[in-house]
Each structure stands twice: as C-alpha cells, then as structure tokens.
Number of protein chains: 2
Amino acid sequence: MSEAPIRTVFFVSDGTGITAETLGHSLLAQFPEGKFRQVRAPFIDNIDKAIDCAAHIREATAADGIRPIVFSTLVNETTVAALHKADALFLDLFDRFIGPLEAELGQRSTHAVGRFHGIADSMNYKNRIEAINFAMAHDDGVSNVGELAEADVVLVGVSRSGKTPTSLYLAMQFGVKAANYPLIPEDFERNKLPGELHKYRDKLFGLTIAPERLSQIRQERRPNSRYASLENCRYEIDSAQKLMRRENIRWLESTTKSIEEISATILQTVRVDRPGF
Amino acid sequence: MSEAPIRTVFFVSDGTGITAETLGHSLLAQFPEGKFRQVRAPFIDNIDKAIDCAAHIREATAADGIRPIVFSTLVNETTVAALHKADALFLDLFDRFIGPLEAELGQRSTHAVGRFHGIADSMNYKNRIEAINFAMAHDDGVSNVGELAEADVVLVGVSRSGKTPTSLYLAMQFGVKAANYPLIPEDFERNKLPGELHKYRDKLFGLTIAPERLSQIRQERRPNSRYASLENCRYEIDSAQKLMRRENIRWLESTTKSIEEISATILQTVRVDRPGF
C-alpha cells in the first residue's frame, strides 16, 4: 500500500476564517489517516487578495504534487470566481447552503462580507465579553459569595479538575456566566460545601477526574509535592465525590472529555435563564 | 408586506454541536431580517435520541406554524434516517461534503461519531489547555518578565483595551500562548516600554481603542473616577499610541472589532513558530 501524500488544506474566508476552520476540522477528523498541512487565509475580502490566494493554492499544488482542499466561506461572487481560477477541491459553505436557505425563507441573503457577527449577534457578543470578565473575576473562589447570585453556573471540584478552562469556554462560546469554586481539604474535614454555596445548589455543577490523571497534572505544577501525590489525589477525589453525592450535586468525570464536551453537557443539565437558552 | 414568521432552528449533533452551531450562525447572519429561535441538540448519538429529537422538531412545527431549519452534523446513517422522519429543511454538513472529500482523498471516512477532536487534534488540544493556563498566569503583567520567553504573543495596551479576552481567545481557539502587559501612566511619563518588554519586540502586538468607548467601559467598572474620565482616557490612548509608534510596535484599533477579528489579525501579523502556523 502506498503512503497517502500530504495534502495542503486552505481555510479561506472574507472574515476571520473561524467558520471555515471549524467546518474543515470536523470533516477532516473523519479521515484520521490523512496527512494535512493547514493554511489559514482570513480577510480575503477583495479581488486582489483572492488572486493572491489562488497563487498560494497553485504553489501548494506544485509543492505537494497534488491539488489542495479548500474550505471556503466567501460570499462575494467575483472574489469566489477569482479564487476558483486555481485548481483545488473547493468545499464552499455558502455555495451549498445559501440557495436552499433563501428558498426556504423566501428571502434573498445579503451576501454581506464578514458577517460572522450579524446584527442578531451583537447582544450575544456583549454577553460573551461580560461573561469572560465574570469568569476571570470569579475564578478559583470569590471573596463575596453574594456575587454568585449573578452566575449562571458555579463549577465545583478539587484543584486542577478542569474548572477554569471550562468556565472560560462557557463564557467565550456561549456567553454563560460561570464562576468556579475549589473544594479543598478543609471542606472535606467539615464534610460540607464551602461558604454559602448551598444557597446556589441549582447552579452547582461538579467536575471530577481520575486520581491518576489528576496526580499527573499536579506533578507538572508542583513536582514531588504532597499536593500532587497519588495518595492525596485519591483522598481528595474520593472525598469530593462523597460530598457531591451527599449534597445531591450533578457532576461528571472530566478525564477523557474535552472542554467542549464538558461545556455542552453542563448546558444540557443546568438551566440558564436567558434568551437563547 | 407581511411579517416573516419566527423560525425554530435546531443544531443537531452526535457530539457537542459546536460545528453545527458555528455553521448555522454564519449562514443565518446572511438573513438579518429573519427571526430565529435557536435550539441546541447535542449528543444525539443513538436512534432513541434521534427519535426524541424528531419529536421536538414536530412540536416546533406545530408551535411556529412552519417547519424548522435543522443544521446537522450527524454521521451515523440510522440516526440520520430517524431524524429525517420529521419534516424540516435539513442542512446536513456531512451529507454535502463527505462524499466529495472521500472521492478526492481516495479514502473512506470513518463515519465515527463525535470526532470533533480526532487523533490529529489531541496535540492541539493539549496545546490549547496549556495556552489557557499560560494566559491566566500572564494576564495583566507578569512578575518575572523572563517567562515571556515562552509566549508566542505579548499584547500591550492601556487597561480595558481588550487584551484579556483576546489573549484568552487566542489560547482557546488556536492554542497560542498570549501574555498581556498593561501600559500605565508611569510608562508614558518615562516614555518607554515597561520592564524588559523591548527584548520581546517581535512578539509584541498593541491594542488601542477609541477614547470615548474606553471611557464608557471604564465607567461601568469605576463610575465617576479619574481613571474612567474621558480626559484621562484621551491622555492614555494618545500616549500609548505615541509610545507604540516610537517603539515600532504593530497595533490595531479594537473599537469596532470582535475578539475573533482581532485574534485573526494578530495571527496574520505575529509569527508563531509552531507546527500548524
């Protein structure tokens, strides 16, 4: 069997290219044996830039000995035409989907360039920025537990169980205000939730993690510490799970899950009282 | 002209639904006059869940008086078939793009469920988590400037110019390690970059913002303070721009840009020395 050649993959957009890249990554993940070299081409918003981009596509063909794959979200027809002068497999988001949508909605699309954030999204955008600021201000416990009234979600779990990246992702992607609150050995000794967390039980969501993995993560931070020892990690995780079970807190195991998966699961479980949820 | 009815839009996925949602948002932004109610349906990974989801689609049809629009990234054919028993405009990512990709690559796709993070992505995933931790640890200045050696990008700008959300987005989306460093009045008096930032000039990127907008943002934090006054914001922005110009730092105006746009622009400008860039 001959080895598959390396393919260059372009993500071409008149805006940031985030959509083209997200689309492309999902599709390429279905071909785990493929070898891909990725090139981002954002802000291709006029014909000169499209001509340049077509030249890069031709160069990649020459270098690889095979034509590239191009995920594109260009909306302007002249720009598209200039790009298509190069040879490639073009997988064009708007080309495939805008037609059926126009027919279904009985409306012409605006063909507006770089409309990743449409008018409908501007409220969402403000929510997202506010939520990021909130997550930053309420990372790893809060001095004034009353501020948790404003939170949509409060993540609890031992140190390094994944609370911080998850709360930031919830904010960034969904505009959800997530605070996080560590469970520490003193909480286990008292065997109750810290501070006034019990007041916000509906918003609580627990993260747990395999002790072996936790120990590994903590070793990178504080090598050979008691904090990172497998024995201590086992004790903390075991105590945290007992506490969460007794307090009836919903939780999940983060060990083999991505922050995207953890976040999507939380949003299915915790009710967010805001439009859009 | 009759008012367009509200349409329910479903984002259906066997994984997190992030791809379906990103795709859907980009497309719907082309129809700014449309009124859409959005429903997330992640983790539809077996036939029972697909039958449930089809029931929700039928309920939405009954409630709206018009069939919904469904953005789907399901890969399993039986699940897809169960979903398609409901009536809707189905815009199916895999259905449209997997065929051409299989033909082009000469490989069958795995049709693996929930492969948002394929094998090829696991390194990227680790980079992203590390980058998030890095951004958190190097937000708003660092005590030990030597740690900046590890940064891919160092954002500079006055307080509240957008450095924090941008560095978190760079980390989360691209796995880029971004530190950020505030420019404060003392820097302007000395008229030079703080600390040893000049050593890392290649990694520096400046953010600036319209004084009016800055004053508005700061007012929300500290109402009626000198910090938030328009006069002071004008002085700080003016001084920061002079400093950046003199030090030859590339910068952009963040006022009307989203964090996605700012981040994509930074990645076009600052060279990140890692595979994938």
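Even glycines carry a Cβ here, placed using N, Cα and C.
Per TrEMBL, the feature ADP binding site maps to A:GLY157, A:VAL158, A:SER159, A:ARG160, A:SER161, A:GLY162, A:LYS163, A:THR164. Secondary structure at A:SER159 (ADP binding site), taken from DSSP and collapsed to helix, strand or coil, is coil.
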Taking every protein chain in this structure into account, which of the binding-site residues A:ARG160, A:LYS163 has the most other Cβ atoms within 10 Å of its Cβ? A:LYS163
Least crowded of the binding-site residues A:GLY157, A:GLY162, counting other Cβ atoms within 10 Å of each Cβ, is A:GLY162
